[in-house]
Amino acid sequence: MRALIILGLVLLSVTVQGKIFERCELARTLKKLGLDGYKGVSLANWVCLAKWESGYNTEATNYNPGDESTDYGIFQINSRYWCNNGKTPGAVDACHISCSALLQNNIADAVACAKRVVSDPQGIRAWVAWRNHCQNKDVSQYVKGCGV
């Protein structure tokens, strides 16, 4: 009986772990989900953004004490403007999505919300990590050898 309980706990912990994408795996997935060239943003820029926002980790979160918001998932989408975590004061929820949906291994919801973010006037510049690490840089290395 004890062995079954331990096995159950191990299996439970495996199911809640986030996925850390390999660079090319992410590039292929983002391409399939329609991000390559979306709103004029190249696939390499999206992969660069994900690298510096989350390290390609779907389960990444970052709490921002200044405004009591949290960034979620592979693109670190913020609960102040884009998703609903039920905790952020004055949240907008422009993507009409639960923030927990942005932590799934299947990143379709995260991509859909990222498309919403990049559709705003600020575009890809909404992401600080993109401005700091990808803007005006040769980002071709992020898709090199990926066959995309």
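Positions of Cβ are set from backbone N, Cα and C atoms, glycine also.
The disulfide bond recorded by Swiss-Prot for CYS134 reaches one of CYS48, CYS83; that cysteine is CYS48.
Noted from Swiss-Prot: CYS95 is disulfide-bonded to CYS113, selected from CYS113, CYS146. Per Swiss-Prot, the cysteine from CYS24, CYS83 that shares a disulfide bond with CYS146 is CYS24. Counting only the Cα atoms, the space from CYS48 (disulfide bond) to CYS113 (disulfide bond) is about 17 angstrom. DSSP assigns CYS48 (disulfide bond) to a helix in the three-state reduction.
Taken residue by residue with DSSP, CYS83 (disulfide bond) is part of neither helix nor strand, so it is coil. The disulfide-bonded residues near CYS83 (disulfide bond), taking a 10 angstroms Cα-Cα threshold over the set CYS24, CYS95, CYS113, CYS146, are CYS95, CYS113.
Neighbour counts of Cβ atoms within 10 Å were compared across the disulfide-bonded residues CYS83, CYS95, CYS99; the minimum falls on CYS95.
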